[in-house]
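What follows is a single structure, written as structure tokens, with notes after it.
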Amino acid sequence: MPTLGVNIDHVATIRQARQTVEPDPVAAAVLAELGGADGITVHLREDRRHIQDRDVRVLRQTVRTHLNLEMAATEEMVNIALEIQPDYVTLVPERREEVTTEGGLNIVGQQSWLTEVVQTLEAAKIPVSLFIDADSAQIEASATVGATFIELHTGRYAEATTEAVQAEELALLDQGCQQARALGLRVNAGHGLTYWNTYPVACLAGMEELNIGHTIISRAVLVGLERAVRDMKGVIWGRHGAIESQG
Ligand code: PXP
């Protein structure tokens, strides 16, 4: 089954609401790891609306699993990644006015720039993941620019309002995963995954890591982060009863 990368951006969002020092995403990362997180994911946005440069620096020193740095494919962010040396980088599209990352990155439309970015990072031994829709042309372009991973955008699957549409979206994720693996890419997935819709994605053949944030931090507000992470690990492993039985 895939590993779990816990996205802790929302912890920093609460802190930034008061421009103070609590809650500290560094403490959240420790608790997430104690709960069984296999990796910690943070998105350093250009507008620094939640995660700050200091967070990424301290997390690099304290994370015991692996650190996935989500960022835009800009020169500023590439330089920060080269300095910090996360275990891998996920390149995401960024628009200032968005509430969260909306669509996948357009690889087809910026192949030469992305080739340069991927080469620079991979030459520094930082594997690169590209956050894309499960679209055949984008997957092919991801292999062409030399990425190690793709992260399939699960937003459309998560937002499906009927079982039929959800099944169609899951089939597209499955096809995308198989196409990518045939091209030699490793495959992660994320966005909009919850305690109720994650298991079918976790079961897709060849899926390596799921990056999940909102649903885990939402549950953590009520039951604590360690338990929220443990519950999600239970979902990924098909132990649905884990959610009810850990009282
Ligand atoms: N993967 C990527 C690339 C993302 O940008 C996000 C949101 O920050 C996530 C996964 C996690 O999404 P969610 O918070 O909906 O679980």
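Glycine too: its Cβ is placed from the backbone N, Cα and C atoms.
Keep in mind that TrEMBL annotations are predicted by a computer and have not been checked by a curator.
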Which one of Gly35, Gly36, Gly192, Gly234 goes with Asn7, Arg18, Gly213, His214 at the 3-amino-2-oxopropyl phosphate site, as TrEMBL has it?
Gly192
Candidates His43, Glu151, Gly192 (recorded positions) with Cα within 10 Å of His50 (1-deoxy-D-xylulose 5-phosphate binding site):
His43
Taking ligand 1 as the reference, state which of the binding-site residues His10, Arg18, Arg45, His50 have a Cβ closer than 6 Å to one of its atoms.
none
Checking the contact step here: among the recorded positions Asp9, His10, Glu70, Glu151, His191, which have a Cα within 10 Å of the Cα of Arg18 (3-amino-2-oxopropyl phosphate binding site)?
none
Tell me which of the recorded positions Glu151, His191, Gly192, Gly213 ends up closest to His10 (1-deoxy-D-xylulose 5-phosphate binding site) in space, Cα to Cα.
Gly213
